[in-house]
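Asks: Quick one: this structure, given as structure tokens, is what I'll be asking you about.
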Amino acid sequence: QNEEKWDFVLVSDIHEIGSEKEIKRKKFLDELSKKGFTIKKIEDTKLFYGVRAPQHIFWKYQCLLTNSDSRQQNSSAHQDVPMSTRIRVVHFILQNTVTSDLEKLHDLMKKKVFETAFPLHKKEEIREILKKKWARWRVIFKEQPIEEIRCYFGEKVAMYFAWLGWYTYLLVFAALAGLVTVAAGATVFSSSQVSKEICDANNTIMCPLCDQNCSFWVLSDTCTYAKVTHMIDNEATVVFAMFMAIWATVFLELWKRERATVATNWDLYGWDEEEEELALQLINNSQHEPQLYQHSYFRSTIVLILAVLMVMVLIGIAHALVIYRAVAMALFTQSEVNLLSKHADTIAVMTGAVLHYITIVIMTKVRSHQGAWALLPFLEKPRTFSQRENNFTVKIFIFQFFTNFSSLIYIAFFLGRINGRPGNYVRIAGHWRLEECHPSGCITDLFIQMAVIMLLKQTISNIMEYLIPWISHQLRKNQKPPKKRTLMLGEEEEAEDPCKRQWLNNYELNEVNVFSLFNEYLEIVIQYSFTTIFVAAFPLAPLLALINNVIEIHMDAIKMMRLRRRMVPRKAKDIGIWLQVLEAIGTLAVIGNGLVIAITSEFIPVQVYKYMYSPCRRENHTGMDCSTGYINNSLSIFHIQDFEPHTKVLPEFNGVQISEYRDYRNADDYTYTIQFWHIFAARLAFLILFEHVALCVKLIAAWYIPDVPQKVKNQILTEKHSNLRNELRWVMPWKVPG
């Protein structure tokens, strides 16, 4: 039975005897044989080579990576290494074995000498446990078997699922807070004075929304939108935004504690990745010299310039979306279809959001093409795989962040603020008016955009993420191999080989690569950005993220166990560079939400009106709402004779001499009023105050919650003391001075 345990399988096409590819393949397999590897060949439609490493390799690994105390205990009896460790060590040796032509396995795969190499999913007890307790939909609300995941897939995958489970658990509190905010908006604030005034404004004539064939309109037409807006734009939203800033900090601080506990339980707290890599290099080649760290300011400058160019391209795409919305708005308002012309602004926002989602999908495909990033390792020269992965992570995250958020940043902070005024609009190519905010407020546009993108990402993207590997697996399975070739005289029948079916079944599964787990992390971290950065505009984001994550955990489990080949297990004592990325998002969330409340929301203008311009300021009205008259105060008057010459207004409201628009301008020369500057100063003051308070609370929370629990600290302290005591026993009395 032991003879049939294979660590890795190499797959190759059947090449002609004597061909260059066949010679290269033989050279590589000969190098493995010299290292003591056992190789088994099975021929089907492809050539399969099972490789098994000799036991002395793992003895060396144990000796090099255990402390002196355990080395003395285990000098006579070597323990069996776990299967995940075997696979990791064998994978390293396979990737770093060099042929006489100075080619590695990676080079041979590029030249199609080998097609692929993978470890096997085997019928082990632990695999059956994972299939039963993890990779099925009926256990969707049960705790994940993290220890079993670690034993089968290695610490890195287990750490990802531990983090994802922890994040999902804490999302419950954020989702509840979001629901309470929306519920408060729907009940307490739905009957707000501001939305009442909009619904009652039957005589308030507003300026046309386009230049050609648009009519004046009545403010009360936007009554429904006003109610929706004030459901998400009220005092409760400010409290919720502050809560989410604290939540993001508490989540990370509690995760650091959880990670310390997990790493200690796995005996990885003091593990050194660099030491492990050097040990594996020496096991593979005892003459190996370490690759030294390198840094070049010139190369770093080139990388920085390339990164800036990449960001500029993504900002250019955001500009294209802005142009689309401006043109779409103009076309929809002039449409013969009543539905399009009546709801032109909403349809332009929603189609713009769908188009934004499509650009996200396209740019994600561009990002996932490894060739596009092949130049970066050459420029940066990272020393280890971990360093290369960290560099790659930061750049790809920035790329994905701008892809996802550039359009949202425009809607939140620029839409409706750079479009000019009636009679003097800012135009694209001198023709199309820049889009204005929705009449009920700019936050509605941001709400719609976020809702559309999050719903599409969590439905279509997740369905495709599961369906594509499933369909691909079914197609590979159903590709029936041709009838077996006629056997030569004296050749044994290979169909009876018990390994053949197992190797074929594994080969039929979808391929995994070193960045398969990276893609899972990236997807959740981008989702975390949506859940925190503009959450003030979309309080339901944490709830959508929670629902998504509960499904995502088990969808990833099913993909890993049933649809994909086995990942090469890797060691890790934390989530790596992603922790710094999450901390950066936490800071951006404070800035983003502060800006949304200060700039996008109507919260500040309403407060300024209440305390400086309302009836309550002038006389004592105890029974009156202090926001009474806000809507009329927030509108400016425009004389229709000042329209631009090419403006054509439909004659629906005959005899109209003046119309109104949302702004704080004087009626005679259209300059800003003193109230505009009061609001501007209040916005700035609130932003500074909100961000300083939120950042101070974040710092206090980070200080208050220790990164490492006392129990873990004491456990490590006790272990160090015990090890030093044992070392002392080995010091002979006659070697002690004195």
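Each Cβ is built from the backbone N, Cα and C atoms, and glycine gets one as well.
Per TrEMBL, domain 'Anoctamin dimerisation' is recorded for 82-146. Residues or ranges marked as domain 'Anoctamin transmembrane' in TrEMBL: 149-717. Look at TrEMBL and you will find 160-186, 236-255, 302-327, 347-366, 392-415, 525-554, 575-599, 680-705 tagged as transmembrane segment.
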Asks: With an 8 Å cut-off on Cβ pairs and a sequence gap of 6 or more, do the transmembrane segment (392-415) and the transmembrane segment (680-705) reach 3 or more such pairs?
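Replies: Judged by the Cβ rule, the two regions do not touch, with the required three close pairs absent.
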Asks: Using Cβ atoms only, state whether the transmembrane segment (575-599) and the transmembrane segment (302-327) have three or more pairs under 8 Å that are 6 or more apart in sequence.
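Replies: Counting Cβ pairs under 8 Å (6 or more apart in sequence), the transmembrane segment (575-599) does not reach the transmembrane segment (302-327), since there are fewer than 3.
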Asks: Between the transmembrane segment (160-186) and the transmembrane segment (236-255), do 3 or more CB pairs sit under 8 angstroms, pairs being 6 or more residues apart?
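Replies: Contact criterion met.
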Asks: In the same chain, who gets a Cβ under 8 Å from the transmembrane segment (302-327) while lying at least 6 residues past its ends?
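Replies: Hits for the transmembrane segment (302-327): 348-349, 352, 355-356, 359, 363, 375-376, 379-380, 395, 398-399, 402-403, 406-407, 409-410, 428, 432-435.
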Asks: Could you pull out which residues elsewhere in the chain have a CB under 8 Å from any CB of the transmembrane segment (525-554), counting only those six or more residues past its ends?
Replies: 134-137, 139-141, 144, 161, 164-165, 167-168, 171-172, 174-175, 177-179, 181-182, 232, 237-238, 240-241, 244, 248, 397, 400-401, 404-405, 408, 412, 443, 446-447, 450-451, 453-455, 457-458, 462, 578, 581-582, 585-586, 588-589, 592-593, 596-597, 600-601
Asks: Grab the pLDDT values for the domain 'Anoctamin dimerisation' (82-146) and give me their mean, rounded.
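Replies: Summing pLDDT over the domain 'Anoctamin dimerisation' (82-146) and dividing by its length gives 87.
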Asks: Under the DSSP assignment, what numbers of helix, strand and coil residues are found in the domain 'Anoctamin dimerisation' (82-146)?
Replies: 33 helix, 3 strand, 29 coil
